[in-house]
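Novice: Okay, handing you the structure first.
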């Protein structure tokens with residue numbers, strides 16, 4: 001047999017050697033653990049916390065813009081977001097199979113980009129992730145501050161509404177600085193679990209008050225007309241409320257057993273739907289044309305002696321939203337530390353400035 005005939009038909013010998021190494025590493029990676037990492041349950045809570053919060057406030061308005069098709073749209077975006085998370089998880093496992101000695105990295109998403117497209121993929125992915133996380137942090141900081149301004153409900157003489165919001169943003173930012181000094185996502189697990197409980201309680205209050213309004217006033221006679229513009233506005237809002245995919249590789253990298261990430265993802269998204277569906281659907285059914293912030297609409301339709309419950313719900317949601325900023329800002333700090341060669345978790349000033 002000639003040397004040419006001995007060559008593999010599809011892959012080169014180097015490729016076959018690499019493939020055999022990947023197969024050998026697969027069992028090692030499946031059994032690999034990260035001591036002190038996130039359990040499946042804690043990772044599911046992190047996924048739940050990174051997605052919920054703003055959606056409880058905005059989804060009823062989005063459903064009113066999309067009509068009954070908004071429910072189908074919500075389910076579709078949920079499945080799509082979950083599927084993207086599963087694919088990201090598989091990509092990270094492929095990276096780990098090729099480099100089994102990599103137990104932890106500060107930038108798992110850019111590492112996936114590097115494995116896929118070299119340095120160009122790394123740079124493009126890192127810039128995209130940073131811009132996305134920074135944008136989400138800004139939105140959440142504004143949303144949380146708006147809720148606190150609404151809770152206070154008092155106008156100060158000589159101070160405009162926009163100046164009140166600016167002051168609230170500054171105060172919230174200062175309050176969040178100590179929490180920025182925490183390390184990786186696994187170091188803030190208890191903090192995030194508490195924030196998730198806050199949103200669960202707030203959602204229960206919203207559902208309870210919606211049922212109370214429905215029993216008193218019945219279904220509304222009119223609803224908002226659905227147009228092409230309103231439908232796509234609803235799509236944008238729903239897509240944003242199911243964001244958080246840029247954080248998924250960081251959660252997986254912090255897990256005790258990263259191979260269990262798909263299970264954590266399923267549990268997290270089931271929890272999200274358990275909160276989103278009743279908290280969005282009931283206010284949509286009860287209030288024909290809800291406000292952008294559902295709290296305002298509920299307060300204007302409920303009995304005076306029940307309004308304190310919605311104030312409690314606003315406080316709880318605000319706590320969750322501001323807590324999510326810490327979670328979202330964590331990968332930004334880690335990537336900056338990586339580039340500046342700073343020992344992990346040793347620079348509190350940098351973490352504060354990143355906020």
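In case you wondered, yes, glycine gets a Cβ from its N, Cα and C as well.
Reproduced below are the annotations present in TrEMBL:
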type     : residues : note
DOMAIN   : 38-341   : domain 'Amino acid transporter transmembrane'
TRANSMEM : 40-62    : transmembrane segment
TRANSMEM : 68-95    : transmembrane segment
TRANSMEM : 130-153  : transmembrane segment
TRANSMEM : 165-182  : transmembrane segment
TRANSMEM : 188-211  : transmembrane segment
TRANSMEM : 231-251  : transmembrane segment
TRANSMEM : 263-287  : transmembrane segment
TRANSMEM : 308-328  : transmembrane segment
Novice: Where else in the chain does the transmembrane segment (231-251) make close Cβ contacts, counting only residues six or more beyond its ends and a cut-off under 8 Å?
Specialist: 38, 43, 46-47, 50-51, 54-55, 58-59, 61-63, 65-67, 69-70, 73-74, 77-78, 80-81, 84-85, 88-89, 92, 108-109, 112, 128-129, 132-133, 136, 139, 184-185, 261, 264-265, 272, 276, 327-328, 330-331, 334
Novice: Is the transmembrane segment (68-95) in contact with the transmembrane segment (130-153), using at least 3 Cβ pairs under 8 Å (sequence separation of 6 or more) as the test?
Specialist: no
Novice: Report the listed stretch (68-95, 165-182, 263-287) having the maximum count of Cβ pairs within less than 8 Å of the transmembrane segment (188-211).
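Specialist: The stretch I would name here is 263-287.
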Novice: Using a Cβ-Cβ cut-off of under 8 Å, list the residues of the same chain that are 6+ residues beyond the ends of the transmembrane segment (68-95) and lie near it.
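Specialist: Residues packing against the transmembrane segment (68-95) from afar: 29, 47, 51, 59, 62, 102, 108-109, 111-112, 115-116, 226, 231, 234-235, 238-239, 242-245, 248-249, 252-253, 258-259, 261-262, 265-266, 269, 272-273, 276-277, 280-281, 284.
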Novice: Apart from its near flanks, which chain residues at least 6 from the ends of the transmembrane segment (263-287) lie with a Cβ under 8 angstroms of it?
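Specialist: Apart from its flanks, the transmembrane segment (263-287) reaches 40-41, 43-48, 51-52, 55-56, 59-60, 62-64, 70-71, 74-75, 78, 81-82, 85-86, 89, 199-200, 203, 206-207, 210-211, 213-214, 217, 219-220, 241-242, 248, 251, 255, 294, 297-298, 301.
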